[in-house]
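So the structure is just underneath, and the comments pick up after that.
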Amino acid sequence: MGPRSICGLGPPLVGTLVPLGKDNAGSSNGSVSSIPIFEGSNVIGRNHLVAVDKRISRKHLSLHASADGSTEVVVEGPNPIVVRSGGQRRKVSPQEKAKIAHDDVLELIPGDYFVKYVDMADEHKSYVPIDSSGLKKGKRHSEEDSTAAKRNRQIMEDEALARTLQESFAEESTTFSEMASGQTLNPPDRADSSKRNNERMHSVGPLKDVHSLTFQLMRVQGLPSWANASSITIQDVIQGEVLLAVLSDYMVDIDWLLTACPSLRNVPHVLVIHGEDGASLELLKKMKPASWILHKPPLPISFGTHHSKAMLLVYPQGIRIVVHTANLIHVDWNNKSQGLWMQNFPWKDAKDINKKVPFENDLVDYLSALKWPEFRVKLPVVGDVNINAAFFRKFDYSSSMVRLIGSVPGYHVGPNIKKWGHMKLRSVLEECTFGKQFCKSPLIYQFSSLGSLDEKWMNEFAYSLSAGKSDDGSPLGIGKPLIIWPTVEGVRCSIEGYAAGSCIPSPQKNVEKDFLRKYWTRWKADHVGRCRAMPHIKTFTRYNGQNIAWFLLTSSNLSKAAWGALQKNNTQLMIRSYELGVLFLPQTLQSVPQFSCTEKNRSNLDSLALGGKIKTKLVTLCWKGDEETEPSTEIVRLPVPYQLPPQPYGVEDVPWSWDRRYTKKDVYGSIWPRHG
């Protein structure tokens with residue numbers, strides 16, 4: 001029997017690295033998760049460990065599996081491994097290769113972290129196809145069959161609708177187009193990345209392109225083509241003639257980043273703002289190109305971190321600003337449900353140099369708080385300039401259709417209390433008017449890590465997110481919060497199995513508080529093909545049916561550290577972490593052209609005049625209204641990656657917490673061996 005694809009989704013599963021104890025029996029004391037091996041290239045590294053061990057790098061080794069069953073391992077990290085095969089024990093040093101076969105054992109560190117390679121072709125002579133209701137092995141119980149049948153019917157209905165929506169969505173938002181010539185390229189073939197890279201014409205579409213109006217979901221390996229039809233990769237983001245790049249993130253794997261985006265090596269000036277420390281920081285310093293500048297922002301309050309995920313890419317024609325939810329590591333950009341927003345802005349004309357819009361103030365205020373060391377560069381458009389926060393006022397943000405919501409660590413008082421965290425979101429929403437349908441409508445909190453919360457703070461947070469007025473000027477009123485959080489069963493049956501739970505790092509003491517029970521709803525994302533791609537995306541929204549009042553894509557999880565907590569009779573806001581999010585609001589804006597990343601003939605762009613005003617209405621992909629009835633309104637379909645309204649937990653659903661032991665095996669036959 002040949003290799004199989006999980007749930008029929010993409011690259012075939014050809015084998016598994018199964019954890020062993022040092023005596024080659026049983027588990028490995030919870031130190032390593034079972035690792036699925038797919039046809040093609042697989043990266044094995046630190047993220048597969050349950051507990052961090054800095055001896056194993058994030059890209060410790062790569063394993064190349066062929067359809068014919070041959071498998072080759074290459075040591076990518078600085079430490080050797082050991083391959084035990086046919087009674088022989090062979091040390092494989094960095095950059096060396098070795099063939100492995102069924103039942104061979106790898107020591108990821110000599111004498112430690114034992115895994116056995118199980119070739120599916122040898123191990124399974126027959127199998128039951130794994131379906132999206134559970135990926136269960138062996139004989140199913142009758143109640144599981146009933147549940148599976150119901151879920152399959154719903155999935156078929158959801159996917160039929162989703163395919164139609166995604167295909168039309170992709171047609172309307174061609175990622176790569178030649179603005180000046182009017183040519184439109186076909187959407188890139190995601191299955192052939194090398195061809196895509198060779199043929200890509202680095203440009204960005206006109207104003208109504210999805211890039212500027214909405215956010216996009218990131219590509220997930222192994223999904224069907226319709227689910228990735230309008231998704232995005234890091235190569236789609238970092239492209240063209242970049243003169244200066246500011247990359248902001250929590251975790252940064254330089255080795256992976258330069259492999260995924262080799263063009264970054266040609267960017268003359270790169271500033272990396274990060275949250276790394278200890279051995280990870282030392283490795284970052286060692287691996288970075290010599291000209292790159294690293295900066296970790298100051299942390300005035302203990303237990304904080306730099307968690308924001310953004311990019312500022314300066315081009316000869318202007319700047320591309322990106323806000324997203326992924327760490328700069330392989331697993332985040334390939335295996336998780338993630339989201340990204342980006343928009344291009346031209347340089348300001350001399351006559352407009354002192355004009356400012358709210359988006360510009362949001363951006364510069366946040367960048368000023370990062371306090372990176374100024375450096376001087378020479379750019380072809382403006383000559384010698386200091387790269388500091390004020391530099392980013394040189395761009396025309398008048399076409400921005402979003403607001404930035406940032407968090408900065410500190411004790412914020414006076415006017416600054418409304419500049420950051422949930423109080424910034426409250427102050428922006430207070431200035432907005434929404435349809436009466438959103439009066440007392442529900443709130444959605446969706447995130448990947450849960451802090452230690454109490455009911456007092458949850459009420460404080462809900463009050464901020466419920467701000468705003470209805471058409472008649474009355475307050476919208478407090479909305480009922482709903483938390484979308486993966487269940488244990490959802491993680492177990494995900495495309496990564498229990499290993500996905502390592503990126504949903506919330507302990508039992510935070511998750512299983514009694515007062516949280518009324519908030520829990522399931523992660524269900526069949527309409528975008530991501531029901532089994534566990535979420536690392538973070539979103540907060542207010543909705544009614546398939547209509548969206550506002551939508552926030554952010555790095556912030558649900559915690560006081562990220563959003564802040566009011567103190568001293570509400571006169572002080574304490575925040576511990578740096579965060580950044582992008583807020584989508586229904587607006588009426590003047591349309592203006594954007595630049596093309598590599599367009600050589602700017603005069604053609606300057607001749608494009610897109611006049612008139614656009615009123616926007618936010619809806620989900622599943623909205624079934626009639627756009628013809630609202631001719632003066634631009635319907636913006638946000639790819640909200642979960643079902644609305646969300647489905648409440650059933651009596652048997654248990655919220656995922658990563659420090660519990662789960663003995664029911666996942667799709668790869670593994671348990672969750674947190675405590676060995």
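Each residue, glycine too, has its Cβ placed from N, Cα and C.
Residues or ranges marked as region 'Disordered' by TrEMBL: 129-154, 172-203. Residues or ranges marked as compositional bias 'Basic and acidic residues' by TrEMBL: 189-202. The active site, nucleophile annotation in TrEMBL covers H307. For K309, K538, the entry in TrEMBL reads substrate binding site. What TrEMBL records for H536 is active site, proton donor/acceptor. As annotated by TrEMBL, site 'Interaction with DNA' applies to S559.
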Under 8 Å by Cβ from S559 (site 'Interaction with DNA'), same chain, sequence gap 6 or more | S449, L450, G451, S452, L453
H307 (active site, nucleophile): tally of other CB atoms within 10 A of its CB | 24
Near H536 (active site, proton donor/acceptor), which residues of its own chain have a C-beta under 8 A away, given they sit six or more steps off in sequence?
-> T325, A326, D332, K336, S337, Q338, S448, C503
Hey, how far is K538 (substrate binding site) from H307 (active site, nucleophile), Cα to Cα, in Å?
-> 12
K538 (substrate binding site): tally of other CB atoms within 10 A of its CB | 24
